[in-house]
Amino acid sequence: MLSGPNWAVSAIIAQAMGLLTSQKVLLLTYGPFHPILSESEQFPYLYQMAPKDTSLALAMVSLILHFNWNWVGLAISDNDEGIQFLSYLRREMEKSILCFAFVNMIPVELHLYISRAEVYYKEIVTSSTNVVIIYGDTDSTLAVSFRMWESQGIQRIWVTTSQWDATTNKKDFTLGLQHGTIAFAHHHAEISGFKTFVQTLNPVKYSNEYLAKLEWMKFNCEASTSMCKTLKNCSSNASLEALMIETVDMAFGDESYGIYNAVYAVAHAFHELLLQTMDNWKVHIFNCSKMLPSVCSSDCGPGFRKFWQEGMSDCCFDCNPCPENEVSNETNVDQCTSCPEEQYANSEQNHCIDKVVIFLNYGDTLGMALVLMATCLSAFTFVILGVFVIHQDTPIVKANNRNLSYTLLISLVVCFLCPLLYIGHPNSASCILHQIVFGVAFTVAVSTVLAKTVTVVLAFKITNPGRRMRYYLVSGAPKYIIASCTIIQTILCAIWLGISPPSINTDAHSEHGHIIIMCDKGSVTAFYIVLGYHGTLALGTFIVAFLARNLPDTFNEAKLLTFSMLLFCTVWVAFLPVYHSTKGKFMVAVEVFSILASSAGLLGCIFIPKCYIILIRPERNSLKTLKEKASS
């Protein structure tokens with residue numbers, strides 16, 4: 001016996017046959033596969049021609065992934081078959097991180113469905129998904145819901161099975177270019193001889209009643225219903241060959257193929273066991289020339305990363321910009337990638353750019369200005385040295401110990417030229433050399449000022465004759481001050497180089513988009529000890545000069561020395577906070593400027609007044625004038 005397509009009717013027939021007859025009658029059903037009918041104890045003589053939908057969920061998930069969807073709705077019948085399909089589909093979707101926008105489980109009882117129909121309708125209308133999966137019987141309340149949604153103009157891409165073909169095709173299901181139906185059908189082998197039979201069929205040879213019975217084949221016209229040719233339009237001597245080529249798909253529906261298999265199985269039941277089923281699926285797409293996207297959240301483009309808030313579905317996320325100095329050059333990344341140290345993220349944060357290497361360069365405006373200052377000041381110092389050499393026998397040059405003056409001027413030239421070692425691309429030699437030259441040259445300069453201050457004091461003390469004071473002044477005691485102070489500084493510098501010498505430092509973090517190359521101090525403690533030693537000498541010189549400020553001023557330069565040391569200390573005290581508040585090449589510029597400023601202070605305070613007298617007021621630079629001033 002053959003029954004179908006409704007599984008419930010088939011079950012009733014099977015149970016009735018078991019009760020009413022003692023004969024063993026084989027019942028073949030051609031409807032969709034149903035798990036209840038597969039229970040051999042309850043239905044021992046019932047066989048389902050349709051294959052089990054074991055791979056339908058996997059096929060649908062493959063389709064969803066093919067169109068890059070991740071946000072779909074689901075409407076199923078609230079029965080064992082629907083719940084089982086939901087379980088299969090949920091498992092496959094979780095593997096691929098796909099999500100349900102909603103799950104409508106339509107009750108099979110009509111009174112329950114009527115009470116909730118409005119809820120199901122609103123859920124589909126308000127949902128953001130463009131794709132809805134339909135799974136259930138075509139004569140159930142789910143089909144009623146589907147027809148209602150269609151009649152009320154809900155436009156979605158419906159993904160279903162081939163048994164819903166009749167529901168969609170009979171109504172000329174055309175909802176627009178971006179909406180329609182995707183139907184999954186089992187892949188069937190071609191029926192032997194059927195194509196030849198249909199192509200050679202002549203309508204004249206058969207009655208209208210016979211032709212009407214051909215409806216069970218369910219030809220699938222590729223054109224719309226209004227454009228399909230019908231059997232009634234054929235001429236008396238025509239065959240259906242042209243009609244088949246132009247408009248007809250030879251594929252059977254699942255139910256028709258089930259009927260064919262049932263008849264074929266009965267005919268050959270005693271020869272072989274055919275009941276072979278296939279789990280391969282074929283997709284029929286109706287009226288879907290262009291697919292709409294169906295995602296919960298828009299893609300996070302390059303420069304952004306996905307961010308999930310608490311309670312969000314896996315498919316729903318926010319797009320946050322990548323953190324600082326991190327990039328993403330793909331869509332929908334979970335984490336951004338950090339740029340290497342030598343690169344930084346561009347403004348769009350979609351790729352890394354090489355950082356610009358910077359240092360205090362001769363070509364920079366700042367570097368050029370400092371080089372110009374150093375060159376001019378050193379040249380000016382040479383000019384003053386030349387003036388003193390030319391006028392070396394004049395009273396003002398001789399009175400202030402001209403040898404100490406020459407030593408101080410030469411050390412100041414070295415101090416002015418020292419900043420040239422700070423400018424340009426750093427290397428290991430320049431990093432070590434400029435710290436050593438700076439430490440020793442400044443020590444010579446400051447200790448020479450101290451020696452000149454001591455000379456002034458001794459000069460006035462010797463006006464009261466005493467052998468000991470005369471010995472100290474004549475024996476050149478001030479020269480030993482310079483030598484001893486320089487030796488101490490040299491020892492400190494040697495210890496610095498032995499413990500932690502200056503080296504090249506690469507700073508890739510202080511300035512965005514730049515790699516700063518500068519000399520590292522090595523031991524910061526040693527640097528400040530060297531700087532502190534300069535400060536100690538300057539403070540000692542300032543105290544001695546301050547105490548000698550009230551001595552007779554004919555030969556006294558104590559006031560000038562006092563002011564020069566005050567300026568020197570002020571520059572280096574101001575240097576400390578400014579140096580630590582700057583970064584990169586500006587730190588180097590601050591140090592260079594402090595060297596030039598303090599050296600210029602010594603040069604200007606001590607030697608400019610003397611040059612004024614030598615060059616502008618030469619009458620004051622004579623023994624006669626000095627004697628007159630002394631006598632008065």
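A Cβ is built for glycine as well, from the same backbone N, Cα and C atoms used for every other residue.
The domain 'G-protein coupled receptors family 3 profile' feature in TrEMBL is assigned to 366-630.
Marked as transmembrane segment by TrEMBL: 366-391 (among others).
Annotation source TrEMBL lists transmembrane segment at 403-424 (among others).
Annotation comment: TrEMBL describes 436-460 (among others) as transmembrane segment.
Look at TrEMBL and you will find 480-499 (among others) tagged as transmembrane segment. Tertiary proximity for the transmembrane segment (480-499) is limited to same-chain residues at least six positions away from its ends with a CB under 8 Å from its CB atoms, namely 407, 432, 435-436, 439-440, 443-444, 446-448, 450-451, 454, 522-523, 526-527, 529-530, 533, 537.
Among the features that TrEMBL reports, transmembrane segment is placed at 526-548 (among others).
Residues 446, 449, 452-453, 456, 531, 534-535, 538-539, 541-542, 545-546, 549, 587, 590-591, 594, 597-598, 601-602, 604-606, 609 of the same chain lie 6 or more positions beyond the ends of the transmembrane segment (560-580) yet place their CB under 8 Å from a CB of it. If you look up TrEMBL, you'll see 560-580 (among others) marked as transmembrane segment.
According to TrEMBL, the transmembrane segment annotation covers 592-615 (among others). A Cβ distance under 8 Å defines the sequence-distant neighbours of the transmembrane segment (592-615), meaning residues of its chain 6+ beyond its ends; these are 360, 370, 373-374, 377, 380-381, 384, 387-388, 391, 394, 396-397, 400, 405, 408-409, 412, 415-416, 418-419, 422-423, 438, 442, 445, 449, 452, 557, 560-561, 563-564, 567-568, 571-572, 574-575, 579, 621.
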May I ask you to check whether the transmembrane segment (436-460) and the transmembrane segment (366-391) make contact, with contact taken as at least three Cβ pairs under 8 Å and only pairs 6 or more apart in sequence counted?
no
